[in-house]
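All remarks here apply to the structure that follows.
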């Protein structure tokens, strides 16, 4: 069984960070080692929350503990998401290096959580670290549209510009870029776009965009997690991408149908493993 060290936020109530990632990966047959960067009562979009960030030294100590019992060689991938402090970002790099020293075949998937144009933000210093340093150590990066713009330092309005931006980012280190949400000025307003780019291919896919009054939090976290799991399970890039699109759609649709704000991950678990609705991806740049 594949093992993922998932370094993300934790909420006591609801689904965000590891709370949106652990269950989908496990439901797909991947073992998860959750390492929480923060412990909050709930996600921050409620406007009020309690809790705090975990000290970076404690994160390092926990991973050192795993190494001390000889388990780090079993780690097949590291997935990082929301970081609470710049020191945690540096700790993630040290953790990735430790994992790769123990298992040279391990992959690092970086979800560079910086927030959205209109939504949440991260603490000062984290965005700069993610932009400056993380591409150099990442095997795969999973930004949303606004995060991709920050990573390359310019606005992106079309699919072609997004593909070019991903390829530019890949020159700094990543072998693949998954754009979890792509805003394309030429797309229909009721479509949610995703894009995945490698050195040899680029695939685009769409699912319905559900008109929530308040968009659920954790969709991006779940998207990265499903893609990590399907990749580790041996899917091709296209297959992992399409399964991710379909599984996430199933959860979001169940959330919409239930009239909920928090993701209906448990209710939609069978569709995470075996989605009923499938969305075919298409080549947008054969490279």
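A Cβ is built for glycine as well, from the same backbone N, Cα and C atoms used for every other residue.
Bear in mind that the values here come from a model prediction, so they are computed numbers and not experimental data.
Taken residue by residue with DSSP, residue 44 (substrate binding site) is part of a helix. If you look up Swiss-Prot, you'll see 9, 44, 45, 221 marked as substrate binding site.
Taken from Swiss-Prot, the feature ATP binding site applies to 111, 147, 180. In the three-state DSSP assignment, the secondary structure recorded for residue 147 (ATP binding site) is helix. Cβ neighbour count for residue 147 (ATP binding site) (all protein chains, 10 Å cutoff from its Cβ): 23.
Residue 111 (ATP binding site) has 221 nearby among the binding-site residues 9, 44, 45, 221, counting only those with a Cα within 10 angstroms of its own Cα. Scoring each of the binding-site residues (9, 44, 45) by how many neighbouring Cβ atoms lie within 10 Å, the top position goes to 9. Between residue 44 (substrate binding site) and residue 180 (ATP binding site), the C-alpha separation comes to 20 Å.
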